[in-house]
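Per TrEMBL, these features apply:
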- 747-803: domain 'DEP' (DOMAIN)
- 545-588: region 'Disordered' (REGION)
- 102-128: transmembrane segment (TRANSMEM)
- 140-158: transmembrane segment (TRANSMEM)
- 170-191: transmembrane segment (TRANSMEM)
- 211-234: transmembrane segment (TRANSMEM)
- 279-300: transmembrane segment (TRANSMEM)
- 320-338: transmembrane segment (TRANSMEM)
- 350-374: transmembrane segment (TRANSMEM)
- 386-407: transmembrane segment (TRANSMEM)
- 419-439: transmembrane segment (TRANSMEM)
- 459-477: transmembrane segment (TRANSMEM)
- 489-509: transmembrane segment (TRANSMEM)
- 665-686: transmembrane segment (TRANSMEM)
Amino acid sequence: MFITIFHPIATMETANNFVLIHGKNISHNALAAGAAAGPHMSIDKLFPALLECFGIILCGYIAGRADIITESQAKGLGNFVSKFALPALLFKNMVLLDFGDVIWAFLWSVLIAKVTVFVLVCVLTLVVASPETRYGKAGLYAIFATQSNDFALGYPIVDALYRSTYPEYLQYIYLVAPVSLMLLNPIGFALCEVQRWRQANHPQHSSTRGVVGVVVLQNPVVFMVIVGIISHFALGQRIPAVLVEFIDGLANSFGGAALFYLGLTMVGQLRKLTRDTGVALILLITAKLLVMPLVCKDMVDILDVGVNSTSSNHTSLSNFAFLYGVFPTAPSVAIYAGHYNMELEVVTSGMVISTFLSAPIMYVSAWLLTIPLMDPTPLVTELENVSFNISIVSLVALVWTIAVMLLSRKFNRLPHLFALNLFLAQFLVCVSMILWNFLVKQEDNLLSKVLTFTLLYGSLYSTYVWTGLIPLCLALTTRDDLLRLRPGVFMILGWGVPFLVVGGLLIFGERTDTVDSAFFYGRAQVRNTSQSPLLIFSSKSQKSVNISSAPDRQHSGGARGQPGARRHISDGAQPGRPGAEGLRGPEQIVVSSPDHSGALCDRLQSSSSEQPLNLPPPGLQPADDKQTVRHVLLCLLLIVSLLANLSSCLWWLFNKDPGRLYLELQFFCAVANYGQGFLSFGIFGLDRHLIILPFKKRLLGLWQGRDPDDLSPSGVPEEVRLTCTQFVRYHKDQCVQDIVHTRRYCAFRGSDLVDWLVERGLCAGRAEAQLYGARLQRGGVLDRPAGRLGFRDQASLLYHFTGGGGG
């Protein structure tokens, strides 16, 4: 499916100062002709610029993490940067800007690209988000995907790259950013205002246009841009001498202060990231760091058809547009989210992640774009090493992941059975790639090459079919319809169809003379490959987004902030679904509790408005055991690689001269195709109960010099015994009456106990209450019915009181 990876021994040549892959030029025409003109970017200055920017950001982060600068002090610094330094910088550059040097086609291209991404994110969010929050999410997500950190982080990078070659590019930063603020952000603000009014108990029907207009004009950046443009014509591109030093002093203070403040804002933001926000976060970062740069570059290629179309400046503008699109999200988006109190977790976490991901992307992009003339020999060697080395490491990771899946006995469940087939297909891809690396060196071994090619691309196609079947399985199991289809049907789809496609290619395709696996059957192979991913991408993305909201619906009744969550422990249970009353069998949860606890549980009667706890027996698969979030996360990550590989196919098919950015895409696609094992290992290879907890348990045992299972008075620390004794003697009876509301199993949620401890004043906060609960569990006062997981402040984890503990 994802192909056009021109790795190992790719047929490459240099002709007329062009670098060719399979007869197509990966260099731009201007490079050969403009060699004497020098490079388009000062690549040697890029790394020091990145080190400067991210070094200052790191200093700010350390200062915030170590409480050297408090939160209130950081807020003051942020106000100075956003309301004094940045407006002064914009005013200065708007006055001095030379509009005669502006290539307006570039400005329109970037603006259209931003509008395209804004509309795409906004519409998709309105379609897939829940009706209760869709407008706020659409507004903030669209702003997140289009508002870049142009001044604090983008300007130093552009200055380092283009100061000595194209200094006029610096002024585009000051032109593009304000236009985006004045055109796109008001639309996002309007959607947030609509969301606020819909959520208000007594909505005020005031004018949306007026409110949004006031919000925009109150932005110092927008206001000073307008004043600066007026002053540009009124003052004749000159700042009065009496104001020069004052404006320069404020403007020059922006760079370091803004980067330092950016580091301060990152402190503690990743803690807000939850599994429910992971799906939206991945899609937003993909839109910002992958879709935006590609759209910007394509728009420049399409619209810049005037004087620059035949000059080296066109190539440089196209590359600059790509680099501009990689600039991370601005911290001001987090301020907007805080102002409207919407989607803080996604926006703040996304800002941090996109900032640090942008650094390697910018560096690699600039490096590949500035190679003066590629020598085919090192390029072929590098591509070969990337594919081969990643296959070896990924193979080891997949062996571990498959072993964990088999030892944990999850492979006989759904959807883990589908995931195991995916891992096996990935395993065969790595093995085939390693074999191909050795076989290509044997010139007279055609049969082995054909067989290895069949195994390689049959299993590669199979990996993407299985990633399409996993969301389908999750969708069917959510609706209890999976029993209508036999597993054999999925096996035929997952293994039979891919090898059937490869077989058709072997029969009807025309083999070329190249030994490159990605071009073994020429253009027909690439064309055939570019069709299937489009179907899988459209179906898989829709299913993954739909499935991602399932955990929210399932656990909506257990939110911490809801007052009824503790009184009705199963508010989210659906009528007609089997609950705890329907549990039978010898493997029932046996609760050994004191007499008063048992009496309380026996006295409690369930009513129609208070459903029993929906607990499946340990012998059956609980809803959490499906690991829906992990499967959705794996599918979404593969969607990202699918999009990149599909772009690679279409790029090669419809572009006579793909250009140097195509090479960067090839490196990424090689990692995406043969490094799938890393994703599988990271998501499923570190099984908590089989790997992490036993290792942690053994490590603690070695560190403390005793058996970790020893719960005797000599084995339990003194503070744990005192906590358990105090709780059992003075608080346990009341706690059971307040939080245990299931007649048979006397179970309660971990978050309920944390709420109770905080409300009773036994703990100052939720973090301290979680430690308190962990002590009770270690002392034997409470336990978890299934597994040996430690105490957690989570509504999805259930616990029960035992008869032990208390010393």
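Glycine residues also receive a Cβ, built from the backbone N, Cα and C atoms like all the rest.
Curation plays no part in TrEMBL annotations; they are all automatic predictions.
Counting Cβ pairs under 8 Å to the transmembrane segment (140-158), the stretch among 170-191, 279-300, 320-338, 459-477, 489-509 with the most such contacts is 320-338.
Counted with DSSP, the domain 'DEP' (747-803) comes out as 23 helix, 9 strand, 25 coil. The transmembrane segment (279-300) and the transmembrane segment (170-191) are not in contact, since fewer than 3 Cβ pairs between them lie under 8 Å (pairs 6 or more apart in sequence). Long-range contacts of the transmembrane segment (419-439) within the same chain, counting only residues at least 6 positions beyond its ends with a Cβ under 8 Å from a Cβ of the stretch, are 8, 384, 387-388, 391-392, 394-395, 398-399, 401-402, 405, 411, 445, 448-449, 452-453, 455-456, 459-460, 462-463, 466-467, 470, 491, 494-495, 517, 631, 634, 673-674, 676-677, 680, 684.
Within the chain carrying the transmembrane segment (170-191), a Cβ under 8 angstroms from the stretch's Cβ atoms is held by residues 90, 93-94, 97-98, 101-102, 106-107, 110-111, 114-115, 118, 122, 135-136, 138-140, 142-143, 146-148, 150-151, 154-155, 158-159, 162-163, 208, 212-213, 215-216, 219, 221-222, 225, 320, 324, 336, all 6 or more beyond its ends. As a quick check, the transmembrane segment (320-338) and the transmembrane segment (102-128) clear the bar of 3 or more Cβ pairs under 8 A, pairs 6 or more apart, so the two touch.
For the domain 'DEP' (747-803), the model gives a mean pLDDT of 80.
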